[in-house]
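K.L.:
My questions all concern the structure below.
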Ligand code: HDD
């Protein structure tokens, strides 16, 4: 008799030989176009379910090489995770310049308009381990590998244009302080603990970065909706040897968007893979995310006149002072085929530069150039990590006399493995190319050997204040709440007060709001500043997320909570309007099998109500029948669905019959212009139009008490 499992197996594998093993398991065997299972040595395997034993119930035999090899391989599956940026997600794509940029750089990928260069991008969080949740409050890594015709070039950047520290020698301390505390091994993927804030409060140069990490930049809605930055000042060199300084920017064509903190906390429980799933889904659906690459270009004259040192990685050059020239676009259009092979094994390095691009003396960059090669050797286990396909140049031929080592995959042929040699021709192997080869820009270098920090790096508060003042009121409120949240997790009152003493140097109102939030009894004295005079810089609207929203709902997701008897027309209208905008729709139903709509049609569920909370959606609709509303009014997860959507300032569409659910959730009397009843008079398209603003921020003051 064929049982359910066998029926399922047949459905999955087709009409091929399906066998029942001695342990009762149902499995398919090789034949037709199903390949034969083999060992690593290519030996065909007859039985993959039972070890070789002396008798049916006897001990296993040492001779079982297939078992030995299978377990050996499994025991060695893990490699060390990255010491920072352990959790990440990658995708393939291409970069394409809009025009030739030959006048500023000889870098091959920028020479010809429209020519595509393949890229691999890995986004990451910084502090958390590999298995940590995606929506930790954290900086995001934004690392891009360009496979150019002159070799691989990496921009190893972040989603924030500055960094915590000015000199790389401080990096181990910064990271130790941020990651879990060493005695207890927690907290995971959080900066809300004593060690982190102790270190911050003793590191004034980090104050501008403190403003950025306490902003909504560290809780992005998705990798697709965040900016990226190369951070350091780099140098372009053109064919005539002329140098131009450059700062790299990635501008998401999808616009910027973040979530709110309470939402982030809940998303981490509901879907710890929220960001990687979002990228995977978008690419699989053909909604390819795009970023424009931008340059801020300047010369020594500009650098000399600028208020800050262009070698100081804790400073930005505001876009309003030096506009970002958009030079091309990057499209991510292919998911990885194997997460380990590509996303885990990819190895970025700030020193991977191609002819036409060079470093500057930024002491953070110089230290990074030393670090990345080391870490790859530790992590990937062999200096031959460049042979791994994701790391190997794709558009350039590797040709040199470097050889051997663990896991050497590409071995030079022939007699010559040194140069100069006199073998000549092909046999003699490759030679230097003074014309094409990489040449460092001949910048003059002089000075005494000293462990020192330039006076031009000393102002730690002016740009911190500028960032704060560039935020909208809503965003400033989020920063105060973030600081209060993080410092409330700090157990040592002196550390809390020390952070407030720095805030006093940035903005007195912010400092007082945080002090009140912490119930500090007395306001501390402002922290002593290395440079006591703080400049009052003009606000830079480019630094606000809300001011730079997309004004479109494309690429966003609506969650529609439905019940049996849902108005079929209303639902179809909403789906159609969402599709027309380029938005995604998910149906949240009391049961995953779906609901029967008013016209008798069956609507399948994408999520069961307790697995599809509203925090997973950018906007929600609640389309219920009267019976459905009465039933869901008794269901806590349905009440959370609407009350969370309301508290997180989302736009909400609803059918008239759904009101009892809103009443039970305690929000019926507060419903505002961000909530829209759909019916014969109000078309779904007007709801989607509302959603283009992404959030109804006017509601926020009314849904916050502390
Ligand atoms: Fe770093 C990884 C970005 C400073 C040392 N870093 C790493 C990654 C990103 C950054 C995106 C992950 C790459 C990937 O996806 O594989 N790091 C930055 C930025 C910095 C920065 C934007 C400052 C502007 N980093 C920095 C310093 C040092 C390092 C100062 C050491 C002196 N970073 C590393 C590392 C990592 C790394 C330990 C860990 C894994 C890896 O390199 O491949 O070498």
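Quick reminder: no glycine exception, Cβ is built from N, Cα and C everywhere.
In case it's useful when we look at the structure, here is the feature table from TrEMBL:
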- 85: active site (ACT_SITE)
- 158: active site (ACT_SITE)
- 82, 122, 171, 368, 372, 379: heme binding site (BINDING)
- 38-427: domain 'Catalase core' (DOMAIN)
K.L.:
Hey, how far is residue 85 (active site) from residue 171 (heme binding site), Cα to Cα, in Å?
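P.N.:
Here the two Cα atoms lie 14 Å apart.
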K.L.:
Round to the nearest Å and give the CA-to-CA distance linking residue 82 (heme binding site) with residue 158 (active site).
P.N.:
16
K.L.:
Can you count the other CB atoms that lie within 10 A of the CB of residue 158 (active site)?
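P.N.:
Summing over all protein chains shown, residue 158 (active site) has 24 other Cβ atoms within 10 Å.
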K.L.:
Could you give the mean pLDDT over the domain 'Catalase core' (38-427), rounded to a whole number?
P.N.:
97
K.L.:
Among the binding-site residues listed here, 368, 379, which has the most company in the form of other Cβ atoms within 10 Å of its Cβ?
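P.N.:
It comes out as 368.
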K.L.:
Please report the three-state DSSP label of residue 122 (heme binding site).
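P.N.:
Looking at the DSSP assignment, residue 122 (heme binding site) belongs to a strand.
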K.L.:
So, in DSSP terms, is residue 158 (active site) helix, strand, or coil?
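P.N.:
The three-state answer is strand.
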K.L.:
Can you tell me the CA-to-CA distance separating residue 171 (heme binding site) and residue 158 (active site), as a whole number of Å?
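P.N.:
With distance taken Cα to Cα, residue 158 (active site) is 15 Å from residue 171 (heme binding site).
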K.L.:
Applying a 10 Å Cβ distance cut-off over all chains shown, what neighbour count does residue 372 (heme binding site) have?
P.N.:
17
K.L.:
Using a 10 Å radius around each Cβ and all protein chains in view, which of these recorded positions has the most neighbours: 85, 122?
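P.N.:
Of the recorded positions 85, 122, the most buried by Cβ count within 10 Å is 122.
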